[in-house]
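According to TrEMBL:
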- K7, F8, G9, G10, T175, D176, Y181, R186, K211, V212: ATP binding site (BINDING)
- T47, E74: substrate binding site (BINDING)
- 275-359: domain 'ACT' (DOMAIN)
Amino acid sequence: MGRLVMKFGGTSVANIDRIRNVARHVKREVDAGHDVAVVVSAMAGKTNELVDWCGDASPLHDAREYDAVVASGEQVTSGLLAIVLQGMGIQARSWQGWQIPIRTSDAHASARILEIDGSEITTRFKDRKEVAVIAGFQGINPQTNRITTLGRGGSDTSAVAIAAAIHADRCDIYTDVDGVYTTDPRVVPKARRLDKIAFEDMLELASLGAKVLQVRSVELGMVHNVPVFVRSSFDKPEDIDPHGTPPGTLICSEEEIMESHVVTGIAFSKDEAQISLRQIEDKPGVAAAIFGPLADANINVDMIVQNVSEDGKTTDLTFTVPASDYNRARDTITSSKGKIGYARLDSATDVSKVSVIGSGMRSHAGVAAKAFKALSERNINIRAITTSEIKFSVLIDAAYTELAVRTLHTLYGLDQA
Ligand code: ADP
Ligand code: ASP
Ligand code: MG
């Protein structure tokens, strides 16, 4: 007998039929004797709809009210799953974030979990074998008593945090693919499923665009040493042996991984915007004049490239920001134009970032150089580059994203045999 957290994403609870399917997965684990806490997302598309409604109601809305609205999707699915489980004769109770409580910071729309009191849930495991059905994505700020949400994709983080709080043996993330692949299998059909991936590599994949897990959930798994297993909710519940190993990907510490490749996977993100400032005077203090105001405006700058301007005397500075911050970034720079002193501002929003990830890069030289050559042979122009110990990223025209990902996937020997 063990203790499990089972998390089901939006497509897995998209309608009542899918919720019944989830209930059968839960029943399988309950019948096998496990204590089970389930974390659910909102029905597929629901959170997008709620976000859009807030925007329609007022483009500049109060983040506390945004959270009050968008947290509602998970309230519905947690209640519905509890109803279906009860109908199958399984003891079950739904829980919203504030009821547990899941205490978070007050950063509305991107709150961080501070503390979870799992005692009531575990007491109920012992006393009456009751399944806890928990609304993902939401919590409560203890100072203000207001509902918060954890950022898009945040139910993954709810699940791993709950697993840590109740000392679960494993956190199963059920989704619409049967594991973590070398790249998004919807874009590259030749992508290969990984049996295991190290937390470090998964962290990079997630932060560089692979949305299969929210970044924060991987961080929490790493810090609290929670084995996280990504698997499909589309496998028939009755066909799965609860004591066997189903298809999926285990996210675990580096030491547990036997075979290591130099490159683990490729991620991409179309959520990028590029800003280039032309003909800046090359003198101390200029970078501070540009990036200081952006930091003050809470805008995350990612890639930065500096090169000599056409005139050979001044310098050009290119950087990227998340597409959603593009307008604010442009306004921030324009209002500091006097201080920075640039001749022209060029920008592009039809760009994407393609990243190659692998902890094996630590001990191998020339991994990135191979990519630059392969991309140039495909006539793909690189606008900016960043590198770190275990990854490198290139900024390219968005139209070439799929071609670049496929090219690199083949180049690093990741294609399925
Ligand atoms: P859920 O609603 O279950 O949380 P998401 O849509 O958030 O599911 O995440 C699953 C999706 O992540 C998959 O459908 C897939 O298209 C995408 N994805 C991107 N990169 C990867 C990858 N490397 N491995 C697996 N899935 C990936
Ligand atoms: N429903 C939320 C979202 O779509 C949280 C999640 O599904 O993880 O972002
Ligand atoms: Mg998700």
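Each position is counted from 1, following the chain as shown.
Heads up, the Cβ atoms here are built off N, Cα and C, so glycines get one too.
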Worksheet entry | Spatial neighbours of K211 (ATP binding site) that are distant in sequence (at least 6 apart) but have CB under 8 A | G153
Response to the item:
Record-annotated ATP contacts K7, F8, G9, G10, T175, D176, Y181, R186, K211, V212; largest Cα to Cα distance in whole Å is 21
Practice prompt. Over the span of the domain 'ACT' (275-359), count residues by DSSP class, listing helix, strand and coil in order.
Written response: 29 helix, 33 strand, 23 coil
Worksheet, complete the sentence: Over the domain 'ACT' (275-359) the mean pLDDT stands at 93
Practice prompt. Could you list, ordered by sequence, which of these binding-site residues: K7, G9, T47, E74, T175, Y181, have a Cβ under 6 Å from ligand 3?
Written response: G9
Worksheet entry | Protein Cβ atoms within 10 Å of Y181 (ATP binding site), excluding its own | 26
Practice prompt. Please go through the binding-site residues K7, T47, E74 one by one and keep those whose C-beta falls under 6 A from any atom of ligand 1; give the result in sequence order.
Written response: none
Worksheet item: Secondary structure at K211 (ATP binding site) (DSSP, helix/strand/coil)?
Response: coil
